[in-house]
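Participant: Before I ask anything, let me first share the structure, which is written out below as structure tokens.
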């Protein structure tokens, strides 16, 4: 995949496939339009039968609609896959605060903690600035995980790009999403 992060979940793999599918369609359209423009610039002949052609107008009206369908159907399928929750085995509640996140493992009693970003002055060799935290979330792989997100002060966004997860944490609301990790590892997210 060109310039995309490696996927660690089935949903992110599907997003990468959709990106490649759409990029291929856009490339073909660009080549076709470029060829037609180059042909118009280099050709000085006039075809008198193309001056008033209803057939060509029908073609250039229907063809873009068909191309849009080739983009819309996979996109809609992907939207429904991203929103579907399949019997989660673990629930993680994430609460956004001004400069940190609070986490609760809802399936277990009294497992909750705060996760603060590590200040630049306290970073160790090999740590990532503005990405490393003092308390990391530990989640199992090959398990369906439900994430419930909310916030206490302003709108936050809980995002882990390699998992294909991005959810808004809004004060006074509970938003939920799900994800499934294919492999174990250290995955960084943003807010």
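Using N, Cα and C of the backbone, Cβ positions are placed for all residues, glycine too.
Pulled these features from TrEMBL for this protein:
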DOMAIN    1-86  domain 'Cytochrome oxidase subunit II transmembrane region profile'
DOMAIN    87-191  domain 'Cytochrome oxidase subunit II copper A binding'
TRANSMEM  21-38  transmembrane segment
TRANSMEM  58-80  transmembrane segment
Participant: Where DSSP helix means H, G or I and strand means E or B, what are the helix, strand and coil counts for the domain 'Cytochrome oxidase subunit II transmembrane region profile' (1-86)?
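Facilitator: For that range the per-state counts are 66 helix, 0 strand, 20 coil.
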Participant: Reported in the order helix, strand, coil, what are the DSSP residue counts of the domain 'Cytochrome oxidase subunit II copper A binding' (87-191)?
Facilitator: 6 helix, 46 strand, 53 coil
